Amino acid sequence: MRVTMIGSGYVGLVSGACFADFGHVVTCVDTDASKIDALNRGEIPIFEPGLDDLVAKNVREGRLSFTTELAGPVASADAVFIAVGTPTRRGDGHADLSYVYQAARDVVAKIDGFTVIVTKSTVPVGTGDEVERIMRETRPDADFAVVSNPEFLREGAAIGDFKRPDRIVIGTEDERARGVMEELYRPLYLNAAPLLFTQRRTSEVIKYAANAYLAMKITFINEMADLCEAVGANVQEVARGIGLDNRIGGKFLHAGPGFGGSCFPKDTLALMKTAQDLGSPLRIVETVVAVNDQRKRAMARKVIAACGGSVRGKRIAVLGLAFKPNTDDMREAPSLSIIAVLQDAGADVVAYDPESMEPAKALLSGVSFAADAYSCIEGADALVIVTEWDAFRALDLDRVKTGLRTPIVVDLRNIYRSDDMRRRGFEYSNVGNA
Ligand code: NAD
């Protein structure tokens, strides 16, 4: 099959490379010429484990190419995926759908013969109807079907998630489109990844419901962590104690500094707004958004408390900037809020992250960036662990202790054991007495 991806970011590039790896012929299109130039030079503009090899292999074997010109690839495509961004719209918290609608207009002008238009971007319920309306209005003679096929991959594990998904959700009631989608996903289907066909609107709701549920689970354990701190209980054991119950499950029960990233914050907010506008408010989601917003700043206050109530003039070492390990994505990363509060309180912040320092430099001012974890820690009055990169899990603690001016460690990801850290002479605090 011939596939065209509109948008070559985290989702478009990974999905495009994986579809090519299944044997389809894929063209990834992007309006950002610098991104396409880089890809054509063999450079991967994002950090995602395994993506460089997968892209190189499929380019070499002639199944994957990159361009800024959508006309040819769209005209020859069986399926065109819209995988452009849907960020939070400035001012009101709704999803900004302007990139999706623009892509729909651009695409419909160029399709030739029956083409399946697949919305892979995360879009509010009813967007598929609007995309279809725009396309029919722009070109009444065009032959197409608009399908919803939300993406559930996680950054940092994106290739494995795409190739071995828990399920594939496809929202369409068009028989011809169903046939194309089945053919596209046949390699996965044979591996028994369930293909769930639903109405288009249902498919759109599934994506937001999934993200809101996961965000709720994180927020739930984060509040439990606060309770554990107040009563002297251990949140990690609480998480294990409840997670072993199959009805609950142990995933997404790691207490920490609040969820960030390019999806949960914007998607919970957009779902909350959509539901309010439709007169069917989701009170749990509203609370999740509010609790998580406050949490990031509360984590900075935890650091200030660990430093004896003031960080003015103190040097604070921050390990980890990306919103989670194995990605360079800084969108809505907790580190951004935590560092801002520490700076407001007069701290001098030095930071290190294995992959996200370049994107972080554009977002953080007044921060010094260290070359590695130990030079970050050197001479600092306190160490704060914000992202649980593997490289931070087994630091040489003797070196950390001699490097720090005062042995204060605030571990916001619970990657060290408190009894061990205290035995080694650290003034150690974490999230929920883990
Ligand atoms: P991204 O910002 O990394 O990539 C989007 C790309 O689209 C950019 O490169 C941009 O230049 C390009 N673009 C914008 N308008 C275009 C147009 N008209 N034609 C061609 N290219 C255009 O975004 P992302 O993280 O890949 O997310 C894309 C969508 O997928 C969003 O709706 C997001 O919510 C959803 N999603 C993301 C993830 C994730 O982990 N990142 C997971 C699941 C779903």
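Just so it is clear, glycine is given a Cβ too, placed from its N, Cα and C backbone atoms.
Annotated features, as they stand in TrEMBL:
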BINDING   D30, K35, T86, T122, E155, K266, R331  NAD(+) binding site
BINDING   F152, L153, R154, E155, K207, F252, L253, H254, A255, G256, G260, K324  substrate binding site
ACT_SITE  C263  active site, nucleophile
DOMAIN    317-418  domain 'UDP-glucose/GDP-mannose dehydrogenase C-terminal'
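Known features from TrEMBL, placed on the structure.
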residue: K35; record: NAD(+) binding site; CB count, 10 Å: 21
residue: T86; record: NAD(+) binding site; CB count, 10 Å: 24
residue: T122; record: NAD(+) binding site; CB count, 10 Å: 25
residue: F152; record: substrate binding site; CB count, 10 Å: 18
residue: R154; record: substrate binding site; CB count, 10 Å: 15
residue: E155; record: NAD(+) binding site; CB count, 10 Å: 25
residue: L253; record: substrate binding site; CB count, 10 Å: 20
residue: C263; record: active site, nucleophile; CB count, 10 Å: 25
residue: K266; record: NAD(+) binding site; CB count, 10 Å: 23
residue: R331; record: NAD(+) binding site; CB count, 10 Å: 20
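Take the Cα of R154 (substrate binding site) and measure to each of the recorded positions D30, K35, T122, C263, R331: the nearest one is C263. Proximity to G260 (substrate binding site), defined by a C-alpha to C-alpha distance within 10 angstroms, is shown by the following binding-site residues from T86, E155, K266: K266.
Here the CA atom of A255 (substrate binding site) lies 37 Å from the CA atom of D30 (NAD(+) binding site).
Broken down with DSSP, the domain 'UDP-glucose/GDP-mannose dehydrogenase C-terminal' (317-418) shows 34 helix, 18 strand, 50 coil. When the alpha carbons of K207 (substrate binding site) and the residue listed as 'active site, nucleophile' are compared, the span between them is 11 angstrom. The binding residues for NAD(+) are recorded as D30, K35, T86, T122, E155, K266, R331; their greatest pairwise CA distance is 24 Å. The Cβ neighbour count for D30 (NAD(+) binding site), using a 10 Å radius and every protein chain shown, is 23. For T86 (NAD(+) binding site), the spatially nearest entry among the recorded positions F152, L253, C263 is C263, judged by CA separation. Distances between the Cα of E155 (NAD(+) binding site) and those of the recorded positions L253, A255, C263 are shortest for C263.
A Cα-Cα distance of 9 Å separates the residue listed as 'active site, nucleophile' from T122 (NAD(+) binding site). Largest Cα-to-Cα span within the substrate-binding set F152, L153, R154, E155, K207, F252, L253, H254, A255, G256, G260, K324: 24 Å. R331 (NAD(+) binding site) and L253 (substrate binding site) have their C-alpha atoms 22 Å apart, to the nearest angstrom. Only D30 of the binding-site residues listed as D30, K207, R331 bring a Cβ under 6 Å of any atom of ligand 1; the order follows the sequence.
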